[in-house]
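Positions annotated as active site, pros-phosphohistidine intermediate by Swiss-Prot, on the basis of sequence analysis: 117. Taken from Swiss-Prot, the feature ATP binding site applies to 11, 59, 87, 93, 104, 114, supported by sequence analysis.
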């Protein structure tokens, strides 16, 4: 298995519901190392830039509005097969379809307020990490 990095967001609803610690505990108990993290309140421009691939889709404006509604946590996770394993831990995008014990089953409030975001491929992880973190803000640990 390959050591990978993935990008993760704890969305405004999960931050507002004080779920940061519980979600971080799940990451660490799954074997991930959190090698970068910070709290942000996205501007409209930042959210539109991050989700640019969805511009023009019917859910875009609502997604931007939600993602700018309160603070978020952004983090870089490192571990074996990190991208796919993180997606497995998150659960289905629609929390109604998420398996019990996944982050979205446990912490989502709705389809949009689904608690977490995670990169869908190694290439998107690299792009998303670079969007929020400079190289000197990432601290690999052995």
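Backbone N, Cα and C define each Cβ position, glycine as well.
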Cβ neighbour count (10 Å, all chains) around residue 114 (ATP binding site) is 25
Where does residue 117 (active site, pros-phosphohistidine intermediate) sit in DSSP terms: helix, strand, or coil?
strand
Where residue 104 (ATP binding site) falls in three-state DSSP terms:
helix
Is residue 87 (ATP binding site) helix, strand or coil when read with DSSP?
helix
For ATP, whose listed binding residues are 11, 59, 87, 93, 104, 114, the greatest C-alpha pairwise distance in Å
21
May I ask you to report the DSSP-based helix, strand or coil state of residue 11 (ATP binding site)?
coil
CB within-chain contacts under 8 A for residue 93 (ATP binding site), separation at least 6:
104, 111, 114
